[in-house]
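Peer 1: Copied straight from Swiss-Prot:
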- CYS3-CYS24: disulfide bond (DISULFID)
- CYS6-CYS11: disulfide bond (DISULFID)
- CYS17-CYS42: disulfide bond (DISULFID)
- CYS46-CYS57: disulfide bond (DISULFID)
- CYS58-CYS63: disulfide bond (DISULFID)
Amino acid sequence: LTCLICPEKYCNKVHTCRNGEKICFKKFDQRKLLGKRYIRGCAATCPEAKPREIVECCSTDKCNH
């Protein structure tokens, strides 16, 4: 599995996940509309969203755009 790993909206930096990491995720703060920073990466399970945070998980290559 390969996931995107950069914080910008348009990301093309790809990371190969380790064994056991079968999920790509993207999370961001729903309050910040301007200058939004995304946290992307690989995970074994989908990270839990904190208050006012949006987390999206998927399981195909580069799906966390």
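Using N, Cα and C of the backbone, Cβ positions are placed for all residues, glycine too.
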Peer 1: Calculate the distance in Å between the alpha carbons (Cα) of CYS42 (disulfide bond) and CYS24 (disulfide bond), and round it to a whole number.
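Peer 2: Each residue's Cα considered, CYS42 (disulfide bond) and CYS24 (disulfide bond) end up 5 Å apart.
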Peer 1: Measuring Cα to Cα, tell me the gap between CYS58 (disulfide bond) and CYS6 (disulfide bond) in whole angstrom.
Peer 2: 16
Peer 1: Should any of the disulfide-bonded residues CYS6, CYS11, CYS46 have a Cα within 10 Å of the Cα of CYS24 (disulfide bond), which are they?
Peer 2: CYS46
Peer 1: If you skip the near sequence neighbours and keep only those at least six away, which residues in the chain come within under 8 angstroms of CYS57 (disulfide bond), Cβ to Cβ?
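Peer 2: Counting only residues 6 or more apart in sequence, the Cβ neighbours of CYS57 (disulfide bond) under 8 Å are ILE23, CYS24, PHE25, ALA43, CYS46, PRO47, ASN64.
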Peer 1: What count of other C-beta atoms do you get within 10 angstroms of the C-beta of CYS46 (disulfide bond), across all chains shown?
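Peer 2: Result for CYS46 (disulfide bond): 15 other Cβ atoms within 10 Å.
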Peer 1: How big is the gap, in Å, between the Cα of CYS11 (disulfide bond) and that of CYS17 (disulfide bond), rounded to a whole number?
Peer 2: 17
Peer 1: Return the member of CYS3, CYS6, CYS63 nearest to CYS17 (disulfide bond) in space, with distance defined Cα to Cα and candidates limited to these disulfide-bonded residues.
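Peer 2: Comparing Cα positions, the candidate nearest CYS17 (disulfide bond) turns out to be CYS3.
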Peer 1: Using a Cβ cut-off under 8 Å and a sequence separation of 6 or more, which residues in the same chain sit near CYS63 (disulfide bond)?
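Peer 2: Result: CYS3, CYS24.
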Peer 1: Quiz question: given the disulfide-bonded residues CYS17, CYS24, CYS42, which has the greatest number of C-beta atoms lying within 10 angstroms of its own C-beta?
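Peer 2: The residue with the most neighbouring Cβ atoms within 10 Å is CYS24.
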